[in-house]
Ligand SMILES: [Cu+2]
């Protein structure tokens, strides 16, 4: 009885992981970029992590890192070949070139912290 | 953390009313804790967590202008170091506390072997330990749990997730044993509080050591920052005063005494001295400076006093630009890092699934005590899989490698250039200014009569010529301190040479054609001239009063260290090709002396780029070394462009690699350094991969049939904590890099 329970629980957990981390869409609200925006790097995530930015314009994003975990140290825009070191407890500005209309992911160096820029 | 301070310089603010308007405009902005205007200095200081563009637009909407004031990099660095120290202490403190609980618990288990729960006394005692463990976990490792939870809500999983799930599972299982021991077979009534406490302690310890080791990776930039003294001695009508560096203005007259550092970039007005520029250029020999010469901030004045005019201050100085460039390059990406990226993207959820599968295998088919084994396998896999080392592997090496380059006068633009420089197969070198001095010199003067007399005549004549070679002859006469004479009827004959009357004698200087035009037989001199030409020199015939007087030769001398440098580069396995606008004979002669096999002569500037393109089409990875300005298109076209000896602002901004020292040795240094860095990165990546690819199966229990034991979660925690310390330490090993010297290369 007990062993069936444990096995079912394990399988449920695996299904849950696959569904939650891979299949379920990330539905955090789309934040609009206005003049500037401070993105908090805190507790393992970027906040906000979905940002609508204007295309065809150079913009500056600010990252405030309060997460001491080493992963959080760099923010990487791999499509734009940009990476920036984020000192702890500090606002770091990242200048982006003119963007085309599409989505640009930004991540930590291990792609565990994930955010997305929606250029429109 | 209540945010930070930012300073802006204001424009248009001139009255107390403006101050109020600006301050209240900013205080209305979200995230601003405080805003203060200093009217005298026209600055605005904002405290709070707000980005500078927001502040600037707030000032602008109030009707004024604001610009971000350049922060003093040294103060910033100091601040950062303080934060690092604080962070280190906090981590050590957390680690100490968690280990203070974990180690005695572990010893108790090892010595007495009594970690099982059978009686109600044991239930009570272990229940208390469980609560203490919970408190320690919350206090020392709370951030792992909040981080994991927040990431989870965002459908994200990170390092924190693994640690939190791992230690949490061990604790929950142990508490279940405490409360319901009879649910489990007797052999599995074992608690794992010590594992939770130890893992949290070890991971904090690992991170603390990592913070410390990382501090050292930026040593090179710190060294550069320390090159500047905090004050400068400014000379004005009222005397000499020491003023803080930030207050030195362009146009100020500054005095540096022997043994002092030059505070800002400038131009010498008075005095003579030799200046040690090795800290910027890597060039070991001090450079003589006199009126009109340029000085760079951060270099060391050796033996004389110099008075100079400040030309560039603050962030404009070459030193400041170098520092900025190094910092940018240090945080840039290396293409090889992509490999790690793809893996880590799906890493954490995959690991969680592997851990569950492994645990279920042990639960269903493993030997007794199955419940305990299941938990140990689950926890160990989760903890050991943490991929932090993988993520650190490349950035740490790049950080050290780029910094090390700066120490040797090699400025690498970014990680991509660093990687490409490591696998070049051909180096194309521009002759003039790179292999040769770039300024022609008189090399030979042969005559049957008096050498000085002929030189006097020729130099007097050439003083009127604008031909580049003329300067070499005039310089040679000046070096010998010969006094030159007046010239009458000077005539420059295009493509032939010059003629004129010196002291009443008709002097001719030019090529073969000039002599035949004037009907002068060159006789034996022709053979001499041809010999000289074969040596790559430009030979000219001299005639006085319609008689051959001799031949002279001018050449662009080969740089002293060019031969050694070429040998070093060949030793690195590079094929060297020379490019030049000079004629084939001259080019061949230079190439022969340097041991270069491949020569492209008679080139127009645009041909250089074309040649590089052709090489690239053959699949050759081409580096190009040139002196910056006229070679710009070729430098840009090459896989890696090395701008030599320029150190000019333009070159720093455009070249892939800028060499502060005017020597081809810099290219060899850069290539050796890039290879050393890439090797270091590969070691790190390999180490990190091996760690995870071996660590996970071991933690899952594949060695059990051999050893009869499972990997303890505590050991997994220790391995995880020190894997990133190992990577950072290995990167720090690059600090010992030394370029091979020319001597080592020569047989
Ligand atoms: Cu980790």
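Backbone N, Cα and C atoms are what each Cβ position is placed from, and that goes for glycine too.
As stated in TrEMBL, the feature transmembrane segment covers range B:371-394 out of the listed B:251-274, B:275-298, B:299-322, B:371-394.
Per TrEMBL, the listed range annotated as transmembrane segment is B:343-365 (candidates: B:228-250, B:343-365, B:412-434, B:435-457). Feature annotation (TrEMBL): of B:15-41, B:42-68, B:123-149, the stretch labelled transmembrane segment is B:123-149. Of the given residue ranges B:653-671, B:710-728, TrEMBL assigns the label transmembrane segment to B:710-728. Among the ranges B:190-209, B:470-489, the stretch that TrEMBL annotates as transmembrane segment is B:190-209. Applying DSSP to the domain 'HMA' (B:4-67) sorts its residues as follows: 22 helix, 24 strand, 18 coil. A Cβ distance under 8 Å defines the sequence-distant neighbours of the transmembrane segment (B:91-111), meaning residues of its chain 6+ beyond its ends; these are 129, 132-133, 136-137, 139-141, 193-198, 200-202, 204-205, 207-208, 211, 714. The recorded stretches the transmembrane segment (B:710-728) and the transmembrane segment (B:371-394) share 3+ CB pairs below 8 A when only pairs 6 or more apart in sequence are counted, and are therefore in contact.
Taking residue pairs at least 6 apart in sequence, the transmembrane segment (B:190-209) and the transmembrane segment (B:343-365) share fewer than three C-beta contacts under 8 angstroms.
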